[in-house]
Amino acid sequence: MPPPPPPLLLLLLAALAAAARPGCPLARGTTATCVDMPLRTCSDVAYNQTAFPTLLEHRSREAVEASSEYILLSVLHHLLEGQCNPDLRLLGCAVLAPRCEGGRVRRPCRHVCEGLREACQPAFDAIDMAWPYFLDCGRYFASVEEGCYDPLEKLREGLDVEEALPSGLPPTFIHFTHHSYAQMVRVLRRTAARCAHIAKTYSIGRSFNGKELLVIEFSAQPGQHELMEPEVKLIGNIHGNEVAGREMLIYLAQYLCTEYLLGSARIQRLLNTTRIHLLPSMNPDGYEVAAAEGAGYNGWTSGRQNAQNLDLNRNFPDLTSEYYRLAESRSVRSDHIPIPQHYWWGKVAPETKAIMKWMRTTPFVLSASLHGGDLVVSYPFDFSKHPQEEKMFSPTPDEKMFKLLARAYADVHPMMMDRSENRCGGNFLKRGSIINGADWYSFTGGMSDFNYLHSNCFEITVELGCVKFPPEEALYTLWQHNKEPLLNFMETVHRGIKGVVMDKFGKPVKNARIVVKGIRHDITTAPDGDYWRLLPPGSHIVIAQAPGYSKVIKKVTIPARMKRAGRVDFILQPLGTRPKQLLLGPRRSGSGLRDPPGGASRYGEPEEPGQEPLGGRRQPSVGGSKPWWWSYFTSLSEHKPRWLLKY
């Protein structure tokens, strides 16, 4: 059974049912009497006057506030668990309380509505709710030629305004200061504009309070995956009060752009062979709470969680427990573990969903999550193989590779290599300033374990210092300490092997499995058939296999000093074209390599990008039954919002 909604939501849902009414014809006419905007739910729109009757023929403020459409806007935030907020509310307000200027009503832009519907339809599908009739893009919205306006313009207010640099400073200047959300967005966009041929910004979603989760990407072909070009992501500020990582990634973006333009051979080689994604702030809402207290005054936990009071680094699916269960049997796979359906019954933050969707759409190879509170690099697993043990060494099958990745950061960090035990992080000195996560302290729901067990991506966690919100004067020194480690870490994505898996006609084979004998963790090929397998130096037996094809086995040797991935391609032959005895190979996975039943994706989720798995209370209605949220309407008014039903 799903948990009951909060009392406030029940009251709002009840009001929605009681106020339900069918859609009315579109109001016509070219002139109107403008009056002050009186609606609380629409108080933050970009205009201050509306007109009656509205586009839905409501003739007074009271009529609007009593309408089911208006009250739906006030509960949609909770029903969709923060997704598409506040975009949908502002879009709805543009219809319920139309913009009035100079005695004329202006309609919102149709292209804005269409863009939102494409992005937000999966969220409605996930709770089995129809798209609201009053957000019909063809009926209540207008074209640019008809003089429409953008109802979401307020969301960008202040973000597109260029902030002047101090006089006399060149555009390459890095200002080592703390950045507000608006300042961060401006710096990233300005940087992308300055290096438009190698950089672009894009959003992976919104926070619970509606802030864009903005990424800046660097690549020779920004915006697209290139064959055999590995993808790296760096994420900061997953805990809102741990801000050093946020600033390091803002500085790193500016540094990469500037050094590329200045002709740095190292940076040009890195960006021409690697696709790099920087997400400076995964938790912008939590940052606002921490920043309100200020550097040096912030408590250990103030602003740590997101706006839902969720710790985002405990909010990912616990796949590690499932891994330990699967690892007991040699006949089943223990990688690319699907997300269990019961996970979606709980509270999943929109920030967490955004990261998971991002991972589904981009074939990441390497990742780092930047934290604060200590000075050490940790690596998976973060959850102990014996749940009752708070501290227990719990390695992955790729323990050797993870240690190399951790050392790639720690070994070139001057403070991590400082021999004083009295310094920040001195208790990790004898370990080389790296540690297995569960051997430090065990926890579930972490992002690093999820990356490793659900995808091809290897992620480490970097603790940048003992002060979570360092004073501004410490930021330049922090940058000097972390610049080289960040670059060195990103360059390690080119360790191991890479290649293309194709059939005998040269057609790429996607989702083929790359198996390394002795390491019980496979990776899969991207849609173009390319793959990247991070491996430590030494000799390895590598197997490529895919349903319907025979296996191909190769032996590869990776020299200790090799810093560029060796290319190992595979050509798979269809089954039946070779003698059967050649199909025999190392019996590594057995029947566990079957494709998921019923045509599900290998992630245990719908194939539609951006659509959350339908499970628990999001399960579609079966056999004519109503969705979970409809039960709150049935005992109320006979006028129910049936336009919310899909069937």
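A Cβ is built for glycine as well, from the same backbone N, Cα and C atoms used for every other residue.
If you go by TrEMBL, Cys137 shares a disulfide bond with Cys113, out of Cys113, Cys120, Cys148.
Rounded to a whole number, the C-alpha distance linking Cys137 (disulfide bond) with Glu463 (active site, proton donor/acceptor) is 47 angstrom. Within 10 Å of the Cβ of Glu463 (active site, proton donor/acceptor) there are 26 other Cβ atoms, across all protein chains. Within the same chain, residues at least 6 positions away in sequence whose Cβ sits under 8 Å from that of Cys113 (disulfide bond) are Leu91, Leu135, Cys137, Phe141.
Mapped onto DSSP classes, the domain 'FZ' (29-151) shows 48 helix, 16 strand, 59 coil.
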